[in-house]
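One structure is given below, encoded as C-alpha cells.
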Amino acid sequence: MSDTICAIATAIVPQQGSVGIVRLSGSEALALAKRVFRLRGKQAFESHRIHYGHFLDADGGILDECLVLYMQAPRSFTREDVVEFHCHGGIAVIQQILRRCVELGARLARPGEFTLRAFLNGRIDLTEAEAVAELVSARSPEAARLAVGGLAGKLAGEVRQLRSGCLDLLAELEARLDFEDDLPPLDTGAVRANIGQSLAHARRLMATSTRGELLRTGLKVAIVGRPNVGKSSLLNAWSRTDRAIVTDLPGTTRDVVESMLNVQGIPVQVLDTAGIREATDTVERIGIERSHAAAREADLVLLVIDRTEGWTCADSDIFAQVRERPVIVVVNKSDLEGPPVYTPSRGVLATVPTAAPVGDGIDALEGAILAALGQEAFSVADGDFAVNERQYEALVRAEVALVRVVETVEAALPIDFWTIDLRAAAHALGEVTGESVTEAVLERIFSKFCIGK
C-alpha cells in the first residue's frame with residue numbers, strides 16, 4: 001500500500017450533478033495536490049479544512065475553479081493522507097482532473113480499494129467495511145438504517161463477544177492439557193452450559209439474515225390473470241402512477257410492465273403481465289409467453305380475478321399454471337356486485353378484495369404480502385443490523401463446530417477433541433470480523449464495491 005491511489009468518488013450519471021469529487025489516498029497525496037492546485041491568496045494546506053482555488057493543467061492553465069480538502073494521516077477514512085478535489089460535476093472536468101492525477105504518479109484505484117485500505121490499516125473491521133457497501137447500495141430508508149447499524153460496529157461487537165467466550169474456554173482447556181494435575185476437576189456441565197449459551201448467541205445472529213436479505217435483494221411479484229380483470233389498474237393504484245395503459249379493451253397489455261415499489265422498506269419489483277388467454281395474434285402470443293416466464297421467476301404471484309364474474313374455469317387454468325409459486329388471490333372490482341367468489345382451498349396464501357380504480361384494498365394487499373413473508377410487523381430500529389450471506393455462512397460453520405464440541409463432551413472424549421472444534425469455531429467467527437480471513441476472501445468482498453469507495 002505504498003503507492004497513492006485516485007478515483008472519482010461521486011456517481012457518474014447521464015444527468016450530470018452540480019458537484020464531482022476526485023479522491024486521493026496515500027503518502028504522496030498532499031505533494032501531488034500542491035503541484036496541481038493553486039490556493040487563493042496566502043492560504044496554506046491545513047488538515048481538515050476546506051480551501052478554495054484553481055486546479056491546474058500541465059501547462060499551468062486553469063482546468064476548474066474548485067475546493068480542496070486535505071485530511072492528514074491518521075485522521076482520515078483510510079488512515080493515510082487523503083485529498084479530495086470538489087469540482088464542478090461535468091464529466092469532462094472530472095475526467096481531466098483524474099487524468100492529471102494519474103499523470104503525476106497516482107494509480108487508479110481498484111473497486112473498494114479505499115475501504116480495503118481502511119480495513120488493512122485498522123480503521124474499520126470487515127463487517128463495517130461490508131456495511132459501507134450496503135449503505136451505498138441501500139434501496140430504502142430501512143435498508144440504509146440496517147447498514148448504519150453494521151457500520152456502527154454493532155454486529156462486530158456481538159461477534160467479538162462470542163469469539164472471546166470461545167477463546168477463553170479454549171485457553172482453559174489447553175491449560176488443563178498442560179497442568180491437569182494442578183487444577184480441580186473439570187465441571188463438564190458448566191462447559192455444556194457455556195457452549196449452549198454460545199450456540200444460542202450464534203443462532204440469534206443468524207436469525208437476522210432473513211430480514212437483511214429481504215432489504216438487500218427485495219422481492220419480485222408478478223401480477224397475472226385473465227385479460228381485463230384490472231391487473232394494470234392494480235399496478236397503477238399500487239404505484240400511484242399511470243405506469244400501465246388501462247382501457248376497457250381486453251389484451252391492452254402486450255408486454256411485461258415493471259415498477260419498483262417500497263413495501264415497508266422492502267424493495268418490491270412488480271411485474272404487470274399480459275392477460276392470459278388463447279392468443280389472437282403473434283404479438284399477443286409472445287406477451288402471454290412472457291407472462292408465464294414472469295410468473296415462474298417471481299417470488300410471489302398475485303392472481304387477479306374479476307369480482308363481477310367470480311372464479312371462472314379460465315382462472316382455474318391459470319392457477320394450475322402458477323400454483324408452484326406462492327399465490328395470493330386478488331379479487332378486483334370488489335365494489336361491484338357479482339356471484340359468490342370461491343377460491344381454491346389449498347395453495348392460496350390469502351384472498352384480498354380490492355377496488356383498484358379508487359385504491360381500496362392496497363394496504364390489505366401489502367399486509368398479506370408481509371404475512372406471506374412471515375414479516376407481519378416489519379420495522380428497523382436504530383442500531384439494528386443483519387448478517388449478510390458471507391457472514392451467515394461463517395456463523396453456520398461456527399455453529400456446526402460448537403455442536404460438535406457438545407457432542408464430544410457428552411461422549412466423554414478426551415479434551416484434545418474439544419479444543420479442535422472450539423478452535424474451528426473461533427476461526428469461523430474471526431472470519432466474520434476479518435480477524436482470520438484469507439487474501440482471496442478479501443479480494444472477493446472488495447471487488448463488489450464501487451470504484452472510489
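In case you wondered, yes, glycine gets a Cβ from its N, Cα and C as well.
According to Swiss-Prot, the protein carries these features:
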BINDING   R23, E84, R123, K453  (6S)-5-formyl-5,6,7,8-tetrahydrofolate binding site
DOMAIN    218-374  domain 'TrmE-type G'
BINDING   N228, T247, L249, T252  K(+) binding site
BINDING   228-233, 247-253, 272-275  GTP binding site
BINDING   S232, T253  Mg(2+) binding site
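Between R123 ((6S)-5-formyl-5,6,7,8-tetrahydrofolate binding site) and S232 (Mg(2+) binding site), the C-alpha separation comes to 50 Å. Annotated pair K231 (GTP binding site) and K453 ((6S)-5-formyl-5,6,7,8-tetrahydrofolate binding site), C-alpha to C-alpha distance, rounded: 42 Å. When pLDDT values are averaged over the domain 'TrmE-type G' (218-374), the model yields 81.
Taking every protein chain shown into account, R23, R123, K453 are the binding-site residues, and of these the Cβ with the most other Cβ atoms within 10 Å belongs to R23. Here the candidates are the binding-site residues N228, S232, A274, and by Cα distance the one nearest E84 ((6S)-5-formyl-5,6,7,8-tetrahydrofolate binding site) turns out to be S232. Closest to S232 (Mg(2+) binding site) by Cα-Cα distance, out of the binding-site residues R23, A274, K453, is A274. In this structure, K231 (GTP binding site) is part of a helix by DSSP. All protein chains shown were included, and the count of other CB atoms within 10 Å of the CB of K231 (GTP binding site) stands at 31. The Cα of A274 (GTP binding site) lies closest to that of N228, out of the binding-site residues R23, N228, K453. Using a 10 Å Cβ-Cβ cutoff, A274 (GTP binding site) registers 28 neighbours. DSSP classifies E84 ((6S)-5-formyl-5,6,7,8-tetrahydrofolate binding site) as strand under the three-state reduction.
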